[in-house]
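Now, the feature entries from TrEMBL:
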type: TRANSMEM; residues: 42-62; note: transmembrane segment
type: TRANSMEM; residues: 68-89; note: transmembrane segment
type: TRANSMEM; residues: 110-133; note: transmembrane segment
type: TRANSMEM; residues: 159-180; note: transmembrane segment
type: TRANSMEM; residues: 280-300; note: transmembrane segment
type: TRANSMEM; residues: 320-341; note: transmembrane segment
type: TRANSMEM; residues: 391-414; note: transmembrane segment
type: TRANSMEM; residues: 420-439; note: transmembrane segment
type: TRANSMEM; residues: 470-491; note: transmembrane segment
type: TRANSMEM; residues: 512-532; note: transmembrane segment
type: TRANSMEM; residues: 568-585; note: transmembrane segment
type: TRANSMEM; residues: 605-627; note: transmembrane segment
Amino acid sequence: MGTEIPTSPEISEALLLPETNKTAATVILDQGEHVPEWKEQITIRGLVVSALLGTLFCIITHKLNLTVGIIPSLNVAAGLLGFFFVKSWTGFLSKLGFTVKPFTKQENTVIQTCVVACYGLAFSGGFGSYLIAMDEKTYKLIGADYPGNHAEDVINPGLWWMIGFLFVVSFLGLFSLVPLRKVMVLDYKLTYPSGTATAMLINSFHTNTGAELAANQVKCLGKYLSLSLVWSCFKWFFSGVGDACGFDNFPTLGLTLFKNTFYFDFSPTYVGCGLICPHIVNCSVLLGAIISWGFLWPFVSQHAGDWYPADLGSNDFKGLYGYKVFIAIAIILGDGLYNLVKIIAVTVKELCSNSSRNLNLPVVTNVVDDEASEILLVKKKRDEVFLKDRIPLGFAVSGYVGLAAISTATIPLIFPPLKWYFVLCSYFIAPALAFCNSYGTGLTDWSLASTYGKIGLFIIASVVGSDGGVIAGLAACGVMMSIVSTAADLMQDFKTGYLTLSSAKSMFVSQLVGTAMGCIIAPLTFYLFWSAFDIGDPNGPYKAPYAVIFREMAILGIEGFAELPKHCLALCYGFFVAALIVNLLRDITPPKISQFIPIPMAMAVPFYIGAYFAIDMFVGTVILFVWERINRKDADDYAGAVASGLICGDGIWTIPSAILSILRINPPICMYFKPALAS
């Protein structure tokens, strides 16, 4: 995202686009199709296009990071623009009479992978969070007299040290989960919605058979891409200045529910994710939103003034925000660690018994129907290509150990308060957290790298204490975020490569190249913003909202866990145990029952983020459910194309909208809602 599991399916095969007749029909493989060797999939023109798109997407990511702090997935846009640029290039050279090498879907996939790896560092590099939280402006904004906020804990951004820091921390995540690529993609069959949508797009543009269905799917994708793009453009005109305007803040379910984030925000991206993600994932997300924003947070809010001070800001960890973050972390860790322990146990059993087909993996029940033979042929071809070019286990382990040693020796030179033994401890636990994040991303398309980074931030800051704890905690956050984020991106791209018949080795190499590009391009593009704009000004356009949040969390860590709100730790323990119990129930109950038991990892996401995207994804799953009841074949054939078009169009619009924002061209209208005046 195959072992048959008669007793404990994780996700029903009928709900998974990539592995069923949905994709078998979507991508009709030409039996004579030539799959290039992995070295042929990586080209000079592809790397040039990757560098150009990587630069563009880094600028977009920095812009969004420093304004609203929310970064949508640009994977689909990367695949589409990569196709457009290379096709335009080859077409132009052909008209001039030059002989050009054919542009394959594997090369297209390599470009997309390289671009994602590059711009991913603009997020995980902490340019809008932990790195900028170290600067003098954030220190002054919190206040020199604020308890735990010391003038010694200040390091202003510098181009060279930022590049050096990214080079020593960004590659470890690529080596941490490489040995588990088969388990995550083939055995667990995780959907990775953005990766699947990207593969759908790339395959659509590289169909050699000319089949009528493939042509219709391309038309369908283009139709919904255009509708999504036009709709996103239309929404922009009403979004005004600030974060309270437009369709993104439309109280579709009433103002009362809107205050608790229950509203449909007309996002094509999340509706598309709802069409791709299995029904149980979408329903789990909605259930998590109802439990948290419908009951738990209103209940906790009623105790403001008793459990925590009532006059705290909305992002103060001593208040309601602390409950949101740490309870979500508890659920994520409970679910992720349960599956981690289980996969280790299953792997050991496989090595000992050499009977992997009979293992009770928490994965997928295979469905046999009239088109089973066609599905199996497609799957067999993909499996062969994906497993052909192996990445040796010894290479992955030695790479991780070697890079960890270099990083352990180097990071204390950049951040003296973060001692070498703290860095070493981080690298011991990082693979487990990387697995948790990659697993969750495969289910819901949400990478919670910043959440895992906050774990390291809080723990290290509390251990180091007042003498350098802020810098040590923020740097530890960077170490953890870099590993878990790049690991999730790699697995997402492995999924795309699997569906496009791209070599796993070419995916890994392109990730390495893209990461190297990002280590240079991301700091350079950030430094343009840093030099040209007043970053961190609370009254300006580049407020860097997460800088204060991350620094305040480090300060809270210095004061210790006792500074958390009343009953917060008790609730965390309760939800951690609940996640373990729910997972256990999913494994021990019969399939007819377990298929309706929610997934804790998916339930945890809205606890922290809000309920609005859960509404969007549930709308997507309802559309698919009704569509399947009306015409199952059409739903199987075109649901993926519709979803990909919705995600693509909305993703592409982020580029012109970011350019308009950089040029300081604001939307002309602010549409907002307020209660009617009493008569």
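A Cβ is built for glycine as well, from the same backbone N, Cα and C atoms used for every other residue.
Distant neighbours of the transmembrane segment (512-532): 42, 47, 50-51, 54-55, 58-59, 62-63, 66, 113-122, 125, 127, 157, 159, 162-163, 166-167, 170-171, 174, 486, 542; these residues of the same chain sit at least 6 beyond its ends, with a Cβ under 8 Å from one of its Cβ atoms. Long-range Cβ contacts of the transmembrane segment (42-62) within its own chain (Cβ-Cβ under 8 Å, at least 6 residues beyond either end) map to 71, 74, 77-78, 81-82, 85-86, 89, 101, 107, 110-111, 114-115, 118-119, 121-123, 127-128, 506, 509-510, 513-514, 517-518, 521-522, 525-526, 528-529, 654-655, 658, 662. Most Cβ pairs under 8 Å with the transmembrane segment (320-341) belong to 605-627, among the candidate stretches 110-133, 159-180, 391-414, 605-627.
Scored on C-beta pairs under 8 angstroms, the neighbour of the transmembrane segment (391-414) with the top count among 110-133, 159-180, 605-627 is 159-180. When Cβ-Cβ distances below 8 Å are used as the criterion, the transmembrane segment (159-180) is approached by residues 121, 124-125, 131, 343, 391, 393, 396-397, 399-400, 403-404, 406-407, 410-411, 414, 427, 430-431, 434-435, 438, 478-479, 482-487, 490-491, 508, 511-512, 515-516, 518-520, 522-524, 526-527 of the same chain, each at least six residues removed from its ends.
Counting Cβ pairs closer than 8 Å and at least 6 residues apart in sequence, the transmembrane segment (110-133) and the transmembrane segment (470-491) reach three or more and so form a contact.
Counting only same-chain residues 6+ beyond the ends of the transmembrane segment (568-585), those with a CB under 8 A from a CB of the stretch are 322-323, 326-327, 329-331, 333-335, 338-339, 561, 594, 597-598, 600, 604.
Here the listed stretches are 280-300, 420-439, 470-491, and the one with the most C-beta pairs under 8 angstroms to the transmembrane segment (605-627) is 280-300.
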